[in-house]
């Protein structure tokens, strides 16, 4: 029975991932459901397959068993309905920042003037209004990630897939980027699936945290922290982080991540 | 990018303010002001002086070693009145024409072949053995066969030069293509790029620095094949000029011709580096 899809959903259903030449599966029977407006964060120790799962959602890796689907349609290849932002920005250095942002529009044959206008809007959205003409190598790491984010948004995706986008940034820049991410997410109705190593980052950003454990990768726990909703309704990020509830949640999440690991 | 090993870029350049530019020689204030360029100029001047001195003292007969002044005078007369029915400029233009015709042919064939090698397994299976077979053969060895097949006209000269340029162009392109970061390709695909668009918008521009390096190497290879190609029944060209002069034992024209060939090669190399800097300013800065 084809069921009616009211809201767009990005669904991984009992997905197992098995890489060629490896005895054990990397991920076994993991199910994740991202609805529009969700901010789902995958955390877990190294080797738990969080990036592999993101790549399945992106259509870059095919699951051995189980299905990945978007709005009920199976995912077989990458598509601009699920734009990816990578850890190393993966920007194109032969293009300016503006041209990078406009890349998806250029692929679709949007007229140059129109795509420059859209790109400038998006650059302003990620607070890089003046950087349009800059070359990529003139930008700092944080600025590059902003350009990468704007480039992904230009594709007007229903879902954003973020593969440790802030992993390579210094602590201060990372904190600033977290609020940028939250602002973008609040302003749009995009659904986000993000992989991160940062425990605090996961708590600040996520509407739902999925904790994975390695050997083979599987879901061990799910949290719904709710701090990002508080940010969305106007509370300052510093106040949220100073809340004792935040510290308690951090302890709980840390325990969940390191549970079962020989100390 | 990994294929910038031949190129010398501002970012990578070793500190020339030092007399020694190896990592273990620390810059010391004492050696300040001795630049590599100054040393190079000195070297050239010393070689010229030794040459002039030995010619002046007639250590070697002028038939074998004409003096720098004689060579310079020859340069003026050949430039003005010509040698074997053509002026120096006409010889140079004939040679440059052949090399550039060959370069265009080598780009038209070599870049697609390199793309095929880098992108597809079948392409690599087809072209890799062919190129590996062709690459080590000196042009003089296949020149006679080319003449048997295509005669002694202009096309066979251009063909020989093209063959010598093909391998560097194709192999550099292929290694450039293989060096394209997977993440960049994935990013483009997730932004909606088709395979064709990935090649056009990601792989080709990513490989451009490597392709340009390949062209630079190819131009060097082609320029050195030129003389060999012009030995075969040419009526014009720098190689032909040198060859005719040698037959008449006009050594000053031979020496002058060699210096002109060297000077042109130097200018070509310099120009291509300039072009690289304009076309691929991002190379080596990632």
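Every residue gets a Cβ built from N, Cα and C, even glycine.
Check TrEMBL against the ranges B:2-26, B:202-226 and you find transmembrane segment recorded for B:202-226. Outside the transmembrane segment (B:202-226), and at least 6 residues removed from its termini, the chain residues within Cβ reach (under 8 Å) are 1, 3-4, 6-7, 95, 98-99, 102-103, 106-107, 110-111, 114-115, 118-119, 139, 160-162, 164-166, 168-173, 175-177, 179-181, 184-185, 188, 193, 237-239, 261, 264-265, 268-269, 272-273, 275-276, 279-280, 283-284.
Between the transmembrane segment (B:99-121) and the transmembrane segment (B:158-181) there are at least 3 Cβ pairs closer than 8 Å, counting only pairs 6 or more residues apart in sequence, which means the two stretches are in contact. If one looks beyond the transmembrane segment (B:158-181) by at least 6 residues along the same chain, the residues whose Cβ comes under 8 Å of a Cβ in the stretch are 1-3, 98-99, 101-103, 105-107, 109-111, 113-115, 117-119, 124, 127, 131, 134-135, 139, 142-143, 146, 150, 202-203, 206-211, 213-215, 217-219, 221-222, 224-226, 228-229.
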